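What TrEMBL says about this one:
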BINDING   N65, H70, E75  oxalate binding site
BINDING   H68, H70, E75, H116  Mn(2+) binding site
DOMAIN    20-170  domain 'Cupin type-1'
Amino acid sequence: MNGFACKPPESVKADDFTFRGLNKPGDTNNTAGFKATLVTVNQIPGLNTQGVSMVRLDFAPGGVNAPHIHPRASELLIVMEGTLEVGFVTTLPETKLITKVLQAGEAFVFPQALTHYQRNVGKEAAVGIAALDSQNPGTQPVVAAVLGSCPKIPVEVVAKALQADDSVATQLQSKFK
């Protein structure tokens, strides 16, 4: 049902329940200034059927975890270092943006399958740890999904969705390979 086979009991070992690396900063030297270090069933086989996973979120100053959804999980984020602006958008018809600026030691919940983001608004690096209530929460980056799908969503559809000319939609799609 969840896509991962259980190991035969005789082959289970301690390493199936262990992950090393959440203490290591992720490389934020990229255009987003952001790196996520996942701890899902893919990294720890012992999470299979446990309904939980984690992620370390590293942000350079000004770094952004772009709007995305987790189709199979809610997320509880705890800021460990720095200052993060966080937000999510409610569903139609309101599509209200709910935001908060968090300091170290503060937490925020992102409801399952709602578009959300995080942004470092401080002058120093920021670190967050998030728990998700799925062994395999999935991540769907909103902009990359719309503009970078393969094959591409027809330009006419993207242009109408963005309320823009076809040339604008084509230009935006060209930024995603």
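Every residue, even glycine, has its Cβ placed from backbone N, Cα and C.
Just so you know, TrEMBL annotations are computer predictions that nobody has curated.
Structural mapping of features recorded in TrEMBL.
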residue : record               : Cβ contacts under 8 Å, 6 or more apart
N65     : oxalate binding site : A32, F34, A36, L57, F59, Y117, Q118, R119
H68     : Mn(2+) binding site  : T115, H116, Y117, T139, Q140, P141, V142
H70     : oxalate binding site : F110, Q112, A113, L132, S134, P137, G138, T139, Q140
E75     : oxalate binding site : V109, F110, H116, A130, A131, L132, P137
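The domain 'Cupin type-1' (20-170) scores a mean pLDDT of 97 in the predicted structure.
Taking the mean position of the Cβ atoms of N65, H70, E75 as the oxalate site, the remaining same-chain residues with a Cβ inside 8 Å of that point are V55, H68, I69, A73, L77, F110, H116, Q118, A130, L132, P137, T139. Other residues of the chain with a Cβ within 8 Å of the Cβ centroid of H68, H70, E75, H116, the Mn(2+) site, are I69, A73, F88, F110, L114, T115, P137, T139.
Of all Cβ atoms in the shown protein chains, 24 besides its own fall within 10 Å of the Cβ of H116 (Mn(2+) binding site).
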